[in-house]
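Trainee: Per TrEMBL, the features are:
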type	residues	note
TRANSMEM	12-34	transmembrane segment
TRANSMEM	46-66	transmembrane segment
TRANSMEM	78-97	transmembrane segment
COMPBIAS	206-222	compositional bias 'Basic and acidic residues'
TRANSMEM	240-262	transmembrane segment
TRANSMEM	283-310	transmembrane segment
TRANSMEM	316-340	transmembrane segment
TRANSMEM	361-380	transmembrane segment
DOMAIN	362-590	domain 'Major facilitator superfamily (MFS) profile'
TRANSMEM	396-416	transmembrane segment
TRANSMEM	428-445	transmembrane segment
TRANSMEM	517-536	transmembrane segment
COMPBIAS	565-579	compositional bias 'Basic and acidic residues'
COMPBIAS	580-590	compositional bias 'Polar residues'
Amino acid sequence: MKRIKQIDIKRALAMAGTFNFLCSCARACLLPFLTLYFRQLGLTPAMTGIVMGTKHFVTLVWSPAASLLSKHYNKRRAVICGSVMFSAAAALLFLLIPHTDVHAWTCNASDPHVGPTQTPSDKLLVNITEPVTSHPKPHVSQSLVTHLPDADTKAPVNTNETSPHHHHHHNHNHTTDSPLLYVSQKNESKVLESSSSSLATPVRNKRSELKSEQPTGEKKDESSLGFLGSLKAMDTQHQLFFLILIIVCVWEAASAPLEWNVDDGLYEYLDFADASDRYSSTRVWGVVGAACGVGGTGLLVSQLTCLIAAQTSRSVVHFYCYAGLAFLVLPLAMSLPLYLNKKRDRTSGLLKALQLVRGSPQAVLCVFTTLLVGVANSAIDNFLLWQMQDRGSSELHMGLSLALALLSQAAFPLMAGRVFRLLGPRRMLAVGAASLGLQCFYYSFLWGAWAALPAQVLSCFSSGALWWAVKLQCEDIATPGAERSVRRVYKSLSIHLGSALGSLAGGFVAQSIGLTWMFRGLAMVLIVWCVCLPLLQWKAPHHRRINYSRLLAVDASEASDSESEQEKDWLDKAMENDKSNNNSGRRVNH
């Protein structure tokens, strides 16, 4: 006889909460600061947007596909462990990227206005139309030399407000109007004519200059090699862009299958024990873990010196923290209680969820709202830290600001009942989107290092209230057993599709009109949509679907009560009959 394994619900919930906490903490150590790392390497906002948009597109496609394949071949635990291990290894590939200029990795620790991740040497951001080697050394008068900075100081650069290293409003001791730039390279001083630089365009180093002087015959040979040859013929900035893009795709392909496989395995395990309704309580630990990760890493990095080793920036600490926590999660992933329900068809569930969403006008309006919120959130995630860095914020300010936003989001369930009674699900959705619009508008007026902190409290509504309204909408339209599939439709459309579109559009818009006007444009779009949303909700028909699962639960409880009453009546009658038979037998004996 096969022995039935006993299910420990409390242990399963504790392991699920711990796993969500550690995984969210690991991701928060790196992901919020990843675009700052790209900025240090010299990527433009458009390139950064393309990289982050590709990352979200890979997650959108590969997460459900990997989940279906792992279920089909019954390899969930192997996929989970492999995802944790290979994602940590892939993240460390970023540290192998060659740096075009070691001076870009230092920082001015004596200047309190300069953030720790900012580049003190601005020569990566200067757009020079001619190669440096093509200019002879001009004769400089002694009076002019006295006004030039030393070879080890920062070169003043006149950039626009979206430049990745926009410091001229903080460093008043530099002359930003000078028509001359002082560039030091290998202890040689050269005076060059400067032109208005484009956004975040790094200067070509000597290696790219030598490549530009190659004979045409060598260039033809390189072009005949295909993609690798064309990549070798590119300038340094585009080589760096494609290298980062490849590493991000590999990293996301390794980490994308983790969330869906863990979520499905734990949910089906608890559902087998009729405790699936308690699984949602473990998700709050993911938000708390993210707050601890982003705040703790920002505090840790800000306490380190500018260079933790020779020619090594302290930004690499983010990657080591991510990899360390990921390997810490690996033993827990190997012991997670998982269950495979082969009767549950995931593909038909997602298709049915799409049909349910498409069949409800209120649900379609909610989809457009979450999609727009995903676009705005992606722009904030990618470029808010750029804006804070331009205003003198260090990673300590950034980490604590993001941690406050996450804690505000986690605190919303404590007040959800009162807000729901006051606003209702429809108004709650509009209030959440409007709160995000106010945050974007506030971000365009940052003036100091701690200026972003007050706006983070609005995340209680822009994220917490909005997703609470989406949850109520899912329960309103879902049939029994389809609530999770409908919720995943909203999550995929907002977090992944909306974020991918927002990253691509946000990068090009930020490069064209600047970060300040990008945030103002997002705020205007969100506010206009929130004004139109109540009118569209009022005109759209509202058909509330009956929640059959709740009715079945009520009917089952009522049926059990009636059955117990019937059993009690039958027992009373049997006892009465027994007594009457005993009494009649005694009379016969007498």
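Note that the numbers count up from 1, one per residue, in the order the chain is shown.
Heads up, the Cβ atoms here are built off N, Cα and C, so glycines get one too.
Mind mapping these onto the model and telling me what they sit next to?
Mentor: Tertiary proximity for the transmembrane segment (12-34) is limited to same-chain residues at least six positions away from its ends with a CB under 8 Å from its CB atoms, namely 52, 91, 117, 258, 262, 266, 269-270, 278-279, 281-283, 285-294, 296-298, 315, 318-319, 321-322, 325-326, 328-329, 332-333, 335-337, 381, 385, 395, 398-399, 402, 406.
Residues 34-35, 38-39, 79, 241, 244-245, 248-249, 252-253, 256-257, 259-261, 346, 350, 378, 382-383, 492, 495-497, 499-508, 510-511 of the same chain, all 6+ positions outside the transmembrane segment (46-66), place their C-beta atoms under 8 angstroms from a C-beta of that stretch.
Beyond the transmembrane segment (78-97), the same-chain residues lying 6 or more positions past its ends with a Cβ under 8 Å from any Cβ of the stretch are 30, 37, 41, 66, 70, 240, 243-244, 247, 250-251, 254-258, 261-262, 265, 316, 319, 322-323, 326-327, 329-330, 333-334, 336.
Long-range Cβ contacts of the transmembrane segment (361-380) within its own chain (Cβ-Cβ under 8 Å, at least 6 residues beyond either end) map to 52, 56, 426, 429-430, 432-433, 436-437, 439-440, 443, 462, 466, 469-470, 473, 476-477, 489-490, 493-503, 505-506, 510, 518-519, 522, 525-526, 529, 533, 536-537, 540-542.
Same-chain residues lying 6 or more positions outside the transmembrane segment (396-416) and placing a CB less than 8 Å from one of its CB atoms are 28, 32-33, 284, 287-288, 290-292, 294-299, 301-302, 385, 388-389, 449-450, 452-453, 456-461, 463-465, 468.
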Trainee: What residues elsewhere in the chain lie close to the transmembrane segment (316-340), defined as a C-beta under 8 angstroms and at least 6 residues from its ends?
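Mentor: Contacts of the transmembrane segment (316-340) (Cβ under 8 Å, skipping residues fewer than 6 from its ends): 7-8, 11-12, 15-16, 18-19, 22-23, 25-27, 29-30, 33-34, 37, 71, 74, 76-77, 80-81, 84-85, 87-89, 91-92, 94-95, 262, 265-266, 268-269, 271-272, 293, 297, 300-301, 304, 308.
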